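K.L.:
My questions all concern the structure below.
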Amino acid sequence: MSQSNEQPVDEPLLRPAPPNTPAGDSDGSTLVTNNGHCGSAHKNTVCGDWPKGSCCSPFGICGNTTSHCGYGCQSGACLSEDALKPPAPIRFRPSRLPGQFHVIGRSGVPPMIAVLLQNGRVAFADKVENYTEVVLENGRYAYSTEFDPITSSLAPLSYKTNVFCSGGTFLADGRVLSVGGNGPLKWMDPTVDDGFRGIRYLERRFDDDNFDGTPWEEPGHQLSTGRWYPTVQTLSDGRVFVVSGSLNGDDPSVMQNNNPTYELLDKNGFPSGNSVELSILDKNQPYYMYPFLHLLNDGTVFIFVSRSAEVFDVDAGVTVKTLPDLPGDYRTYPNTGGSVLLPLRSANGWEPEIIICGGGAFQDIDSPSDPTCGRIRPLSEEPRWELEAMPGGRIMSEGILLPDGTVIWINGCRNGAQGYGIAENPIYNPWIYRPQAPPKKRWAIGGTSEVPRMYHSVALLLLDGTVLVAGSNPVEQPLLVTNPNDPMLAFPTEFRVEIYTPHYFMDGKADRRPRKIVISSRYLEPDGNFDITFHNRRPARKLSIVLYHGGFVTHSVHMGHRMLYLDHQGWKSWRKKQKVSVKMPPTSSVVPPGPYVIYIVVDGIPGEGQFVMVA
């Protein structure tokens, strides 16, 4: 949505063109584009020799990548539909795992953004609204809160610039960084300014338990260009890689509105350069916002947008490997599925493997969701996608690593896309994915919620190993009374916060958690060592030491999310009191600097996590 001082405007929609008719004017002549637009919505113009490509995409844009020339291509050098169709999914019956939801409180604001803070609380952030449940000292509504999942109490937080659809990460010093956003709504709240180039910081430390509502800090630093819907990744040296976004929030099918570039911030989150064009974004317009990013173990970055993927060397500013396109539908905004860097371990040299699940065909309520996942090892000699089926189609779901090595896919729906009032058929069951299991035994269904979590929902792992679930605000401004017969009014703005208790705590397993955990140092370095002591409730078979970073969560993208299994010595399965020596990963490319949580996992059951800082 583009926000102005006058009147809210709906978010631009990316929909397939209507059925094509013979190209050209009524006299039978063929029109060739002079602006990159084409197809039935533009007088049936064709692309001809347009520099960006000769095929006309389903959205009326000339292109030359499979993201434009596959499904729905209207004219020109169209690829066969089979080129991007995934193989027929393998039919299987997902198993069942126990899991339970319960409502613990209210978020105060509609949570569009969520981060786990070092004090164990959760920071929520939202756009400027005409209603929230909390008020600042100046009498204005608060659009951000700090929520305590133990007591369900909260503190309102203020910000100076509109955080709407921003991106973010954690800095090397542990502060939360939010960048980009949207314009002001001065007629609604004159105290909040333009956020398109905004840079914001939020500091909470694990050794400071103050709960006083210390606000987001905004000293006035700005991005080099406006960015609405950017993705952010902290690099191995602590610099911040900021990718993509919209310059002004207007129609992404008009190239002048788009910002298919990247820029770098230094390790303190300060601007340090200009915006640089990124080819993979440029080629995939208008499906170029909120790309998936993952830092790889050689210091390069995996970039995925639409259906296209590459490995990018940020230092050199070049693509070092172009990866195969992922078959199936669109996987990123506005048809976001989810992307997860699977747990890293020393046994295979910390080799990265990425899974991308779900997605959709176009931005409308009728869009089907994609029922497939693709897994890839981007640094292998011959990378290829391993395709597999999910229990069904799913869009707008959160892919979250759990300490036992499984991945939970939670929130979202079966039909539609990201945007206001253009999704339906919410999915109330989380799906649990077991990446190490045989292909037909990887999926399980794990419990049922009563709360629909649609567009603008969030979820993340807490210190105690449960999953916090919040949000759902698929409307222009908060909606408290619904009308199921009107898609624009079918789902309310959700303030309820739920806790999901996963399978590893069910059926009495929570009583077997490791306890009395003491970490010898809360400040760690790559290639270093530290000790952990803890108690078992009973003799156990297997110990895992997990180093976990939850990242910055928004719009089903978990920026910077990663999990590592640490090598250890000294585990004695028969002992109740344990002391183990733990080895950190070798380089900052494997474990980039910032805050992490250490979980002790015994026989698949995690103890209470503790924050540490990695230099």
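Glycine too: its Cβ is placed from the backbone N, Cα and C atoms.
Below are the features I grabbed from TrEMBL:
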REGION    1-29  region 'Disordered'
DOMAIN    35-80  domain 'Chitin-binding type-1'
DISULFID  C55-C69  disulfide bond
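Map the listed features onto the structure and describe their local environment.
P.N.:
The Cβ neighbour count for C55 (disulfide bond), using a 10 Å radius and every protein chain shown, is 25. A strand conformation is recorded for C55 (disulfide bond) in the three-state DSSP classification.
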K.L.:
Tell me, how many other CB atoms lie within 10 A of the CB of C69 (disulfide bond), whichever protein chain they belong to?
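P.N.:
A 10 Å sphere around the Cβ of C69 (disulfide bond) contains 25 other Cβ atoms.
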